[in-house]
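Annotated in Swiss-Prot:
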- R53, G54, A55, R90, Q201, N252, K253: substrate binding site (BINDING)
- C162: site 'Transition state stabilizer' (SITE)
- D242: active site, proton donor (ACT_SITE)
Amino acid sequence: MKIDGRPYRTIFPEADGDAVMVIDQTRLPFAFELKRLTNLDDAAVAIRTMVVRGAPLIGVTAAYGMALAMRQDASEAGIERASATLAATRPTAINLRWALDRMAAVLRRAPESAREALAFTEAAAIADEDVASCRAIGEHGAKILSEIAAKKDGPVNVLTHCNAGWLATVDWGTALAPIYVAHDAGVPVHVFVDETRPRNQGAALTAFELNAHGVPHTVIADNAGGHLMQHGQVDVCIVGSDRTTASGDVCNKIGTYLKALAATDNRIPFYAALPFSTIDWTLSDGVRDIPIEERDAREVTHLTGRTDDGAFATVAVVSPGSPVANPAFDVTPARLVTGIITERGVCDASEDGLAGLYPERRRAA
């Protein structure tokens, strides 16, 4: 995608190969800055502190983190150490584990002397595959939006939660990819953007993306979605996913489940958009089995923003001494999901639906 007319990916190696560059998402939407990753620890910290975030991008960053680690230690012990360090950064996104397993398998087949170069080649391949997958998700999802547009006057009103756009992937995004493809094809689209507390990833990141692409949108408070649905102002919901089970349960940013409940109650289609690397074929009960990351209470108790004079300030918003819980994700059961949009097409949120698109994955599970 483009920033000020210049194309960017969220992660890419420097031209001289000395470092891997990422967009520092903690600085958005008020500053666009690139950050250099030069070693394993840099990559791990970037994932843990959410300089990079979004399940697909976390996976690609982990792949490049493995490549950077091979510069210091390409031994079997080095592979194990790098994989363990990166795997410990964030527990919910399955793309992280998928990318690490793929990298380790490729590296172990090569002699130690060849592992550094091979690691960068494989990480680049994973990044390119992510771009292709997200573009395909966009094409399949745009057909849904086009069908809705053909049946109504005015724009298709899409509600989305958190950020599942190009900032969450290498390019294009998952939930936002259909919106970009449809918009570029001339389909009138308007997006309701949940602010997505506590980190405000919708207000800060999704709105930033949509602004940059020229897509009409409105930022709304997290609790406004149900009201809009009741009054016929939402045509479809599209969200991303950090882990989806083989049975179609969708784990996504906290608050997604509530949107799905409201959509079901108001007979509004609710889709999850995700690549194959987000599917965990080993799990069937997402509510029971998906580990949910518990993040720092300070994300809830404090807000950081830009003041009217251009300075940045962090302020407390919670009564001092009150206990805080901060689960980062929730699970939407498959029964509430209209369909899953993947790079291979759209399917029912069910074991049979997913297996129909990925028969080889089901056999391999």
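Yeah, the Cβs are placed from backbone N, Cα and C, and that goes for glycine too.
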| note | Simplified to three states, DSSP reports Q201 (substrate binding site) as helix
| said: Please list, in sequence order, the residues in the chain of D242 (active site, proton donor) that are at least six apart in sequence and whose C-beta is under 8 Å away from its C-beta. | reply: A55, T92, A93, I94, N95, C251, N252, K253, T278, F329
| field | Binding residues R53, G54, A55, R90, Q201, N252, K253 (substrate) - maximum C-alpha distance in whole Å | value | 17
| request: Using Cβ-Cβ distances, find the residues under 8 Å from C162 (site 'Transition state stabilizer') that belong to the same chain and are at least 6 apart in sequence, listing them in sequence order. | output: D194, T196, Q201, G202, T206, V239, G240, N252, K253, G255, T256
| Local Cβ density at K253 (substrate binding site) - other Cβ atoms counted within 10 Å | 27
| request: Can you check which residues sit near G54 (substrate binding site), meaning Cβ under 8 Å from its Cβ, same chain, 6 or more apart in sequence, and list them in order? | output: N163, A164, L167, A168, T169, G240
| Cβ neighbour count within 10 Å of R53 (substrate binding site) | 25
| remark: Same-chain, non-site residues whose Cβ lies within 8 A of the R53, G54, A55, R90, Q201, N252, K253 Cβ center for substrate are I58, A93, C162, N163, A164, A168, G240, D242, A328, F329
| field | Cβ packing number for A55 (substrate binding site), 10 Å threshold | value | 28
| What does DSSP assign G54 (substrate binding site), in three states? | coil
